[in-house]
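K.L.:
Before anything else, here's the structure in question.
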Amino acid sequence: MNDVSKASLPKAIFLMGPTASGKTALAIELRKVLPVELISVDSALIYRGMDIGTAKPNADELKAAPHRLLDIRDPSQAYSAADFRRDALAQMAEITSAGRIPLLVGGTMLYFKALLEGLSPLPSADPEVRSRIEQQAAELGWEALHQQLQEIDPVAAARIHPNDPQRLSRALEVFFISGKTLTELTQTSGDALPYQVHQFAIAPASRELLHQRIELRFHQMLASGFEAEVRALFARGDLHTDLPSIRCVGYRQMWSYIEGEISYDEMVYRGVCATRQLAKRQMTWLRGWEGGRWLDSENPDRARKEVLQVVGAIAD
C-alpha cells in the first residue's frame, strides 16, 4: 500500500510492552489529552474474576479510562487470536465511526500480530482426528506427542510447552488434517489491518529494572489478596490447569500451592520466575517488531510527550 492510500485510512495507535512496563498507566494518561478509546490486548484480562493476578485496571482507572475487551470470557472458556481479531476489529470500527481513535494497549504480541497482519485460514477442528490424538496421549503421554511435534514442526514445538495439551493437540491436528505445519500456515498472512497504525513499545531501559518491577508487583498482588482470588477459582470445581486461564503466569503457581504441590515460598519464587520468562518472550517479540517507536517506562512524562509529538498531529 502506498503512502497516499495509507493516509486515507482511519488512524489507530498500538501501545505494546512487556508485563509490568507501565503500559496501562501511560494509556490512561494519553486518554486525558487525546480523543482515544482504549482496547485491551491481553489474553489474561479477558477473564472475569481474574483481577488481581492479571493486574487488571481498578475501578477508578476504568472510570477514568474505560477499557474494551476486558471481562469478556469465563475462565472455563477458550479465546483465540482469531476471536480477538474479530472482536477488536468490531470495537475499532465502532470507535472510528464515533470520530475517535482506537488505542490498543497490552502485551499479548500474538494478538497484535494477528490484528496487524491478518490470519491465514486454518482447518476447522476434526473430532475424529482430535480423538485419535487424545488416545495417543493417554497411551504415550503428552511428552511423547510433543516429541512428535518436534519432528514435524520444530518451530511450533519450541513455542508450545509439553504441558499445554490444548495447543499441542491443535498443532498436531492441523498437520494431520492439512498436511501442512502450523508454522507454514500461519506464515501465510490474511487480510492486513485497514488502518494507519502508529506503533509504540514501552519498557525500562534495562532488564534489571524490569525484573525489579516484576518482583515488586508480584508481592503487591499477594498483599492485595491474590491467594484468596485463586482459592475462589479453585473452589468452583470446574477449573483445572489444562485451561489457558489457569495457566496464566502467577495463577498456575498459586494453583500448585493451593493443591499442596509446592510451598508458599516456592510459589512466590516460581511466580516471579514465570513472570520474568513471560517478559523475556514479550521483549523478544518487540525487538523483532518493525515500525515501533521505543519509549522509556522509567521516564513516563517524556514517554507521554513523545507519543503526543507523533499522535498530536493525527488527532487534530
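Glycine is no exception: its Cβ is also placed from the backbone N, Cα and C atoms.
Small disclaimer: the values here were computed from a predicted structure and weren't measured.
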K.L.:
Have a look at 42-45, 222-225, 282-285 and point to the one annotated region 'Interaction with substrate tRNA' in Swiss-Prot.
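P.N.:
From Swiss-Prot, the annotated region 'Interaction with substrate tRNA' range turns out to be 42-45.
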K.L.:
Labelled region 'Interaction with substrate tRNA' by Swiss-Prot, one stretch among 229-234, 247-252, 307-312. Can you tell me which?
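P.N.:
Feature region 'Interaction with substrate tRNA' in Swiss-Prot: residues 247-252.
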K.L.:
Of 56-60, 166-170, 236-240, which span is tagged region 'Interaction with substrate tRNA' by Swiss-Prot?
P.N.:
166-170
K.L.:
If you count other C-beta atoms within 10 angstroms, which of the recorded positions K23, R130 is the most crowded?
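P.N.:
For the recorded positions K23, R130, the Cβ with the most other Cβ atoms within 10 Å is K23.
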K.L.:
How does the model score the region 'Interaction with substrate tRNA' (42-45) in terms of mean pLDDT?
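P.N.:
Per the prediction, mean pLDDT sits at 98 for the region 'Interaction with substrate tRNA' (42-45).
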K.L.:
Quick one: of G17, P18, S21, G22, T24, which binding-site residues lie within 10 angstroms of T108 (site 'Interaction with substrate tRNA'), measuring between C-alpha atoms? Sequence order, please.
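P.N.:
If one measures from the Cα of T108 (site 'Interaction with substrate tRNA'), the binding-site residues that come within 10 Å are G17, P18.
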K.L.:
What count of other C-beta atoms do you get within 10 angstroms of the C-beta of A20 (ATP binding site), across all chains shown?
P.N.:
25
K.L.:
Cα-Cα, whole number of Å: R130 (site 'Interaction with substrate tRNA') versus T19 (ATP binding site)?
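P.N.:
Just about 34 Å between their Cα atoms.
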K.L.:
Could you break down the residues of the region 'Interaction with substrate tRNA' (247-252) into DSSP helix, strand and coil, giving a count for each?
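P.N.:
The composition, in the requested order, is 2 helix, 0 strand, 4 coil.
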